[in-house]
Amino acid sequence: MLITIPAVLSKADVTQVRARLDAADWEDGAKTAGPQSVEVKRNQQLPPTGDTAQTLGQFILQKLTANPLFVSAALPDRILPPMFNKYETAQTFGTHIDNAIRINPLTNERLRTDLSMTLFLSEPSEYDGGELLVEDHYGTQSVKLLAGDLILYPSTSLHEVTPVTRGARVASFFWLQSMIRSDAHRSILFDLDQTIQSLSETIGSNADETVRLTGIYHNLIRTWAET
Ligand SMILES: O=C(O)CCC(=O)C(=O)O
Ligand SMILES: [Fe+2]
């Protein structure tokens, strides 16, 4: 399940975040790549434990964890600190899969990556190329979002960032471990929750059917959640 979470950051937030990022010192993205992805990774990153990455990362996590659509879709257990990358002309990240297990560099805690995220911090008009291509069972999805929007996709997917041919693509990227390990189970819970939300608008959250469906939602979480 590939889901766009619109306007995680407002345009004013994006301007502030970009001012910090545009003044920061970037380093070679190969530093944090695994043995396969190092062969195909050509981009720049902020040092993950540096001041800028930590301050901006916390700001992004505050906004994200207060976003009901994100919580409904991801059912997050633990989220890794957001990282930041930049692709300038001819930079790219070829087809790869993200590591299944990652260590939080701030706490040394080990997480399973269930969902990968890219928060776009450049407007599409600022650069050409730089599409995030994600393979799923319905074919390859091409993603280029407005600055402030986020894409959530299963970490089990092969993906790549096509070469940037003009301008610069700046983004934040990170991973989370969900309370619901299975993508299929998470999709069912998302559909059910969205249905309950829309029934709450039409027939009311205390209508008999809405209450029963809410019960089913929580009972499925009880059955499937690992916390
Ligand atoms: O830049 C992106 O959108 C994705 C980055 C990525 O796939 C990674 O760092 O593993
Ligand atoms: Fe990746």
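We count from 1, first residue shown onward.
The backbone N, Cα and C atoms fix where each Cβ goes, glycine too.
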Co-listed Fe cation-binding residue [TrEMBL; alongside H96, D98] among H159, H185: H159
Tertiary contacts of the region 'Disordered' (28-51) (same chain, 6+ residues out, Cβ under 8 Å): 21, 81, 83-88, 90-96, 99, 105-106, 160-161
For the domain 'Fe2OG dioxygenase' (78-178), the number of residues DSSP places in helix, strand and coil: 3 helix, 59 strand, 39 coil
Averaged pLDDT, computed only over the residues in the domain 'Fe2OG dioxygenase' (78-178): 97
Least Cβ-crowded entry, counting other Cβ within 10 Å, from the binding-site residues listed as H96, H159, R169: H96
Nonlocal residues around D98 (Fe cation binding site), in sequence order (Cβ under 8 Å, 6 or more apart): T113, S116, S155, W175
